[in-house]
Amino acid sequence: MTDSPISRKRPNSTVSTPISPTADSLHSPSSSRSSPSSSSSSSSRHPPYLPTRLETYVLALYPTLLVFGSAFALLSPAVRSAKYDPAAQAHVQDSTAPSYFARKDNVFNVLFVKRGWAWITGAFLTFLVTHQGIAPPTATWAAKARAALRWALVTGWWVLVTQWCFGPPLIDRGFRYTGGKCEAAEAAVAQDGVVGSAAKDVFSAAACRAAGGRWSGGHDISGHVFLLVLGSFFLVQEVGWVVIRWRARGWELRGKDPRTVVMVDGAVKSADVEAEDLWEKSLLGPQEGWLDVLGLGGKVALGVVGLSLWMLLMTAIFFHTWFEKLTGLLVALIGIYGVYFVPRFVPGLRGIVGMPGI
């Protein structure tokens with residue numbers, strides 16, 4: 001029995017009829033095959049609690065300079081033969097000093113390092129006021145306020161460690177807790193009516209020097225290393241991410257921010273998710289080179305960072321023991337991590353202090 005013309009056409013008409021996707025088809029087993037790849041790409045994101053590759057390179061520069069400086073001091077005949085004063089944590093301050101930079105009265109130490117936080121703050125404020133890439137026009141003041149808050153937090157850490165911590169700063173407290181004392185000052189203190197154990201309670205490094213004494217016997221965290229690392233990385237964060245994102249907008253490279261953040265629901269996403277909508281409302285930046293994108297404020301900050309790294313190397317060569325330099329580095333990194341990395345995986349804190357460039 002032969003098929004009718006109608007029955008012969010039915011299979012062809014069935015194949016040629018387009019079928020639009022439905023909700024069921026979107027959730028079918030075949031369509032769900034893409035979910036493992038998307039979940040794997042999400043799980044392969046850079047951990048938000050670790051520095052990015054670029055940040056790792058910058059952070060690695062600090063111990064590299066310290067190790068190189070310490071090795072140079074051991075291998076250099078001029079440095080090895082120079083007389084070293086352990087109490088002062090420096091070479092003897094006379095004509096026999098192995099280098100101009102080994103003298104505490106060198107102009108860079110007196111005018112730059114001793115006033116280091118003023119230079120750091122000045123460079124930051126110059127960038128904050130002059131650079132147009134701080135934030136989209138719709139959120140400029142909010143972004144600047146969060147940047148100022150981050151500066152306040154970093155400055156607060158600097159104050160606690162080097163200036164005041166409900167009395168002596170942490171550096172001085174650590175020195176005393178490890179057996180340090182102020183020598184040859186009891187007589188000067190006794191003249192002011194302070195005697196016995198009470199004299200020890202009023203001493204900070206500054207008070208000891210003012211009383212004619214000198215610190216001796218304890219572990220002296222390198223304040224120079226602490227200041228130079230904390231200040232320079234602060235500028236690298238605040239200036240670097242702004243400049244990178246601003247130049248990326250000019251070259252239409254949005255979505256390339258390597259930082260990741262933890263969202264309120266626990267998802268790990270690119271830091272771009274918290275800035276992309278705002279940037280979409282503004283015009284793309286110009287296609288410029290790095291020096292042009294830096295602007296005046298960025299160039300000032302770059303100069304301060306460069307001089308900070310140079311003075312860090314000089315400190316590594318001529319001042320302090322390796323352990324004192326190491327603890328100075330570690331104390332600086334504690335403040336850096338708390339301000340710039342913890343907010344990436346603590347959404348509530350990130351909502352308050354924000355992130356540079358976002």
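Residue numbering: from 1, along the chain as shown.
Each residue, glycine too, has its Cβ placed from N, Cα and C.
For reference, TrEMBL has these:
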REGION    1-48  region 'Disordered'
COMPBIAS  12-25  compositional bias 'Polar residues'
COMPBIAS  27-47  compositional bias 'Low complexity'
TRANSMEM  54-75  transmembrane segment
TRANSMEM  116-135  transmembrane segment
TRANSMEM  147-166  transmembrane segment
ACT_SITE  His224  active site
TRANSMEM  225-244  transmembrane segment
TRANSMEM  300-320  transmembrane segment
ACT_SITE  His320  active site
TRANSMEM  326-346  transmembrane segment
Review point. Of the listed stretches (54-75, 147-166, 225-244, 300-320), which one yields the highest count of Cβ-Cβ distances below 8 Å with the transmembrane segment (326-346)?
Key: 225-244
Practice item. Using a Cβ cut-off of under 8 Å, list the residues of the same chain at least 6 residues beyond the transmembrane segment (225-244) that approach it. Key: 58-59, 62, 66, 113, 116-117, 119-120, 123-124, 127-128, 131, 133-134, 147, 150-151, 154, 157-158, 161-162, 171, 257, 259, 290, 293-294, 297-298, 301-302, 304-305, 308-309, 311-312, 315-316, 320, 324-325, 328-329, 331-333, 335-336, 340, 355-358
Review point. What three-state secondary structure does DSSP assign to His320 (active site)?
Key: coil
Revision key, fill the gap. Long-range CB partners for the transmembrane segment (54-75) (under 8 A, at least six residues beyond its ends), listed in sequence order, are 225, 229, 233, 236, 258, 309, 312-318, 322, 325-326, 329, 333
Check your understanding: What same-chain residues lie close to the transmembrane segment (147-166): Cβ under 8 Å, and 6 or more beyond its ends?
Key -> 117, 121, 124, 128, 134, 173, 221, 223, 226-227, 230-231, 234, 238, 331, 334-336, 338-340, 352-354, 356
Check your understanding: If you count Cβ atoms within 10 Å of the Cβ of His320 (active site), leaving out that atom itself, what do you get?
Key -> 22
Point to revise | Under 8 Å by Cβ from His224 (active site), counting only residues of that chain that are 6 or more apart | key: Val113, Met311, Leu312, Thr315, Phe319, His320, Gly328
